Amino acid sequence: MTVTAYRTAEHILFGIAMCLIFLALTLIFTKSRKEIGQYRKLLVIFLISGHFFALLHVILSPTAIIRDNAFITYGSGWIGDMRFIALYYGVVSMSFIILAMQFLYRAVVLSKKPTFNVEITSRNILEIIAILILKLVVWTILCIMLRYRQEYAVTIARVTFDLPNFPTSNHDDFLLMFLGTVDNKLNVVPFLIILSMLLLCGVSLSIIIWSSVRIVRVLNNEEHLSSSWRKYNRQLFVALCLQFLGPLILLYIPCISYLLLPFVPGHGISPPPWLLSFFYSIYPIVDPLVMIVFIRDYRRGLLNLLRRAVFLGPLNGSVVVIS
């Protein structure tokens with residue numbers, strides 16, 4: 001794929017993502033039944049973070065390169081400052097912690113009585129925002145610690161000579177990079193920084209796994225009298241798992257692979273510069289699409305909108321009570 005073709009695809013994907021996010025937000029605010037409870041607030045936070053991520057992505061158009069023992073990333077869009085690139089990767093990191101909050105909320109709600117509603121107050125929302133900002137700041141600082149160093153100049157010249165549109169000057173301002181090995185020995189400082197990033201992700205992943213186990217146990221408990229309650233919440237759990245698979249497959253697995261490969265001597269893997277960014281540009285499409293398709297209230301709301309557009313009557317559906 002040429003650079004021009006990729007940039008065109010990137011802008012098309014951004015347009016699709018914006019439309020889907022707007023549609024999902026509209027359905028959440030207009031088609032959520034009262035019984036869906038406070039969960040929609042977390043869905044809104046997740047969509048807003050996805051909107052912010054998509055906007056940053058199209059503005060910065062980040063490029064990531066793996067060559068031998070070197071990892072290099074920089075912005076090839078309208079803004080190329082490495083501090084904004086670090087901020088961008090910080091925003092990427094927020095998706096896991098927001099998902100962890102969603103899993104945890106569902107686990108807490110389902111552990112209560114079916115009619116019990118766990119309220120998310122304005123104070124709770126401010127606390128969530130504070131946690132997200134803290135995670136963003138920590139991750140951004142960790143990324144900035146991987147900024148270009150003068151001793152990387154020889155490596156830069158060796159591994160980027162054939163790359164079009166690569167910054168030829170002001171590397172201090174534009175590049176985030178590290179070498180996984182130096183003189184065939186582990187480069188300890190960047191390894192510890194990457195390890196810190198993985199540990200931060202591990203905390204969120206641990207919450208997701210613990211909450212998933214709790215949710216599955218409750219949904220398999222036959223003591224709950226309402227089969228429709230179990231069915232709807234099982235559908236909601238499936239949708240949440242698919243939301244989790246989106247960032248896992250499109251963000252975290254590719255990103256972790258890129259970050260760890262430079263520490264593997266002689267790996268021989270050199271993906272095209274646009275590949276990681278292409279995965280990232282798809283991600284903002286996935287989450288709103290999962291919400292719309294797999295949460296019945298929103299799927300039915302979309303079908304009714306489409307039916308009205310062709311002058312058909314709305315679908316009739318029974319009310320299903322959920323927490």
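Heads up, the Cβ atoms here are built off N, Cα and C, so glycines get one too.
No curator has checked TrEMBL annotations; they are predicted automatically.
According to TrEMBL, the feature transmembrane segment maps to 12-30 (among others).
Taken from TrEMBL, the feature transmembrane segment covers 42-66 (among others).
When Cβ-Cβ distances below 8 Å are used as the criterion, the transmembrane segment (86-105) is approached by residues 38-39, 42-43, 45-46, 49-50, 52-53, 56-57, 60, 62, 73, 75, 118, 120, 128, 131-132, 135-141, 143-144, 176, 197, 200-201, 203-205, 207-208, 211-212, 215, 240, 243-244, 247, 251-252, 255, 280, 283 of the same chain, each at least six residues removed from its ends. Taken from TrEMBL, the feature transmembrane segment applies to 86-105 (among others).
According to TrEMBL, the feature transmembrane segment maps to 125-148 (among others).
Within the chain, the transmembrane segment (188-216) has long-range Cβ neighbours (under 8 A, six or more residues past its boundaries) at 93, 96-97, 99-100, 103-104, 106-107, 110-111, 135, 138-139, 142, 145-146, 178-180, 237, 241, 244, 252, 256, 259-260, 263. Residues or ranges marked as transmembrane segment by TrEMBL: 188-216 (among others).
Within the chain carrying the transmembrane segment (236-261), a Cβ under 8 angstroms from the stretch's Cβ atoms is held by residues 39, 46, 64, 66, 71, 92, 95-96, 99, 102-103, 106, 180, 194, 197-198, 201, 208, 212, 215-216, 219, 267, 269, 275-276, 279-280, 282-283, 286-287, 290-291, 294-295, 322, all 6 or more beyond its ends. Under the heading transmembrane segment, TrEMBL lists 236-261 (among others).
Same-chain residues lying 6+ beyond the ends of the transmembrane segment (273-295) with a Cβ under 8 Å from its Cβ atoms: 1, 3, 6, 9-10, 13-14, 16-17, 20-21, 23-24, 27-28, 43, 46-47, 50-51, 53-54, 57-58, 61-65, 92, 95, 163, 235-236, 238-239, 242-243, 246-247, 250-251, 254-255, 258, 302. For 273-295 (among others), the entry in TrEMBL reads transmembrane segment.
For the transmembrane segment (42-66), same-chain residues at least 6 beyond its ends with a Cβ under 8 Å from one of its own Cβ atoms are 7, 10-11, 14, 17-18, 21, 24-25, 28, 72-80, 84-85, 87-88, 91-92, 94-95, 98-99, 101-102, 105, 120, 125, 128, 132, 159-160, 163, 243, 258, 261-262, 269-271, 273-277, 280-281, 283-284, 287-288, 291.
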